[in-house]
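Asker: Structure in structure tokens, see below.
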């Protein structure tokens, strides 16, 4: 078996599994801080119940993210030694700064955030929550900086086939970095909003009408309704940035085979790379030209300009459509739910039923978006600098096949267990409602540490 | 050897990486050890043992990320060579760490009936991760040479490192618990010490025998004299700790932390010996730290951050340990 393909599948599987959990923890940390600050301000214990329900989800997601992240840091060496040998001088410091400034911060204060409520003052506990949330966001900053540099590398020079940094500011804030960072942070916010709204809707369907359920539901729905239009705008800006710096990716996303004006917006097609044409195409005339160039006669780059040097069209085209389609669905669902909650102060059952599977819509859109941009970078690992095929290591295909098979089974089982626990926690909260005994801290004055 | 930055930086980073590995082995050593000891503990004891490490394990594992990160960023050539040579054991280590890490959380959140399953997974993950680390150490010591005898030696070191971790775990339990469990932990410690000592002797003998270069570094006069405190001090500490296991726990819980500190000292001595053996090589007898190092300007920018951030990390790590100081109590999210 070909170690290149197997290594790619393995890294893809690993990073796909990994991103599910940071996508939750990045925004959930801030959401927990919001619950806590609302409690501090109002003294309403329903906020704290919401906090205690969701802090468990945070802890579990964090652990899943940590273990799958550790795996990736090893895979650079085990499967892609050519990567660090060529661009290690740039990737290295960025990764090192992530570990030093973000990883340790999160890990050290996570313990206090999760278990330290009775051991430190309320102010310190709030500070620990801020530091953990800040750490996850900082972590995203460094990783996005590195990923964006791989997409749009600047600020370096090649000496003897090895990249050397010349301008660190340009490397960190490379052309696509601000767009990608904003897009990802918003994606995380939407993922968490829909997760909270969806699991709250599940509690609602099981007859839970407790105050903590309503508070979580409203927070999820309103946050989603606010974020989704911002995300659509940010995504559009990101697309225009990609058009400028990686036109071959845009050509693949739009399945546009020939450069020219009056390019239609393809809604459905089966791109055929051998024949270099779209089968069963359904398109809006001039649509792509209008979106990308704001004029029907605007020239849109086509794949013919990048023969032999552009990404595979079919997966990029479809991943992009799945992301956008999910985004539109998010807009419809979150605005309908916001309307009913705001105007009618209720949630129709059919809408709640739709919201439950939508709990995972953020995951779907995030994955589809990352597939678009990462497959869209191929055949390059670092655009114009290093091809994926040149970075793979000398490990035998049979060994990679073995590890890949075990990882896939492990990830599938862990994902099932994870989703099972989410549903279990939601149903348990639904059963307990507002009648369960309050967590110990709420009996005592919150500001007083109980230990020592 | 002139003392300019291109010479000094790889040296500094080799030191930092060594420090990160040592801290990892000591800190995650007791986490993994407690996982191994799960097999010998009752249900209620398992909860207490988890409570003794629950707030710390995540930060402890981060030292591994730092160590492999430093290898990755400071010595990219060595990173590729070592990790591709150790592909399967690294893979097993990761599977073990994944299972161990998620079991921590799952066991506390699944319905009560499923807890046993996750306790077993916690044990299994800890054992796999410990064995894999030991095996990697054994193979590395032999110069990444994987013949059949090399694999057998790797298996021996794997067992001994797992035992050493179990000893660390037991020492931590002695420090963090009281009553019956503490007494039990003293017995665990005594048994684990035997294999730990055997492992250290095996590695100490195999390292010079596998490489003439290392043999010459140790067994020439006067180096032998300067180096003699390493084995002698280790042996004394071992003997003393062994005697202690017949007197612990003491009244008023005096010296509860002593076994842990003694073991940490033994680990440090052993690690110093290894470092002396392999210096200046990062891949045994193949790549020196200077041959494998990144460009000086990249190392400099990492060092600048490290100098500022590392003391802060150590400071707040101490703070976290202090917040959860004293005997372990049940962990709750409030």
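Using the three backbone atoms N, Cα and C, a Cβ is placed for every residue, glycine included.
Small disclaimer: the values here were computed from a predicted structure and weren't measured.
Below, the features straight out of TrEMBL:
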TRANSMEM  A:15-39  transmembrane segment
TRANSMEM  A:51-74  transmembrane segment
TRANSMEM  A:94-115  transmembrane segment
TRANSMEM  A:127-150  transmembrane segment
TRANSMEM  A:181-204  transmembrane segment
TRANSMEM  A:216-234  transmembrane segment
TRANSMEM  A:318-341  transmembrane segment
TRANSMEM  A:353-371  transmembrane segment
TRANSMEM  A:404-427  transmembrane segment
Asker: With the transmembrane segment (A:216-234) as the reference, find which of A:15-39, A:94-115, A:127-150, A:318-341, A:404-427 contributes the most Cβ pairs under 8 Å.
Answerer: A:318-341
Asker: Hey, would you say the transmembrane segment (A:127-150) packs against the transmembrane segment (A:15-39), going by three or more CB pairs under 8 A that are 6+ residues apart?
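Answerer: Contact between the transmembrane segment (A:15-39) and the transmembrane segment (A:127-150): present, because at least 3 Cβ pairs are under 8 Å.
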Asker: Flag the pair the transmembrane segment (A:94-115) / the transmembrane segment (A:51-74) as in contact if three or more Cβ pairs fall under 8 Å (sequence separation 6 or more).
Answerer: yes
Asker: Ranking A:181-204, A:318-341, A:353-371, A:404-427 by the number of C-beta pairs under 8 Å to the transmembrane segment (A:51-74), which range is first?
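Answerer: Comparing A:181-204, A:318-341, A:353-371, A:404-427 against the transmembrane segment (A:51-74), the winner is A:404-427.
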Asker: Can you name the far-off residues of the same chain, 6+ from the ends of the transmembrane segment (A:181-204), with a Cβ under 8 Å from a Cβ of it?
Answerer: 22-24, 26-28, 31, 54, 57, 137, 140-141, 144-145, 148, 210, 213, 216-217, 219-221, 223-224, 227-228, 230-231, 234-235, 238, 330, 334, 337, 347, 352-353, 355-363, 365-366, 369, 422-423, 426-427, 429-430
Asker: Quickly jot the same-chain residues contacting the transmembrane segment (A:353-371) by Cβ under 8 Å, restricted to those at least six beyond its ends, or write none.
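Answerer: Distant Cβ neighbours of the transmembrane segment (A:353-371) are 15-16, 19-20, 23, 183, 187-188, 190-195, 197-199, 201-202, 205, 315-316, 319-320, 322-323, 326-327, 329-330, 333, 337.
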Asker: At a C-beta cut-off of under 8 Å, are there same-chain residues at least 6 beyond the transmembrane segment (A:318-341) that contact it? List them, or none.
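Answerer: Contacts with the transmembrane segment (A:318-341): 190, 193-194, 197, 217-218, 221-222, 224-225, 228-229, 231-232, 235, 253, 347-348, 351, 354-355, 358, 361-362, 364-365, 368-369, 371-372, 375.
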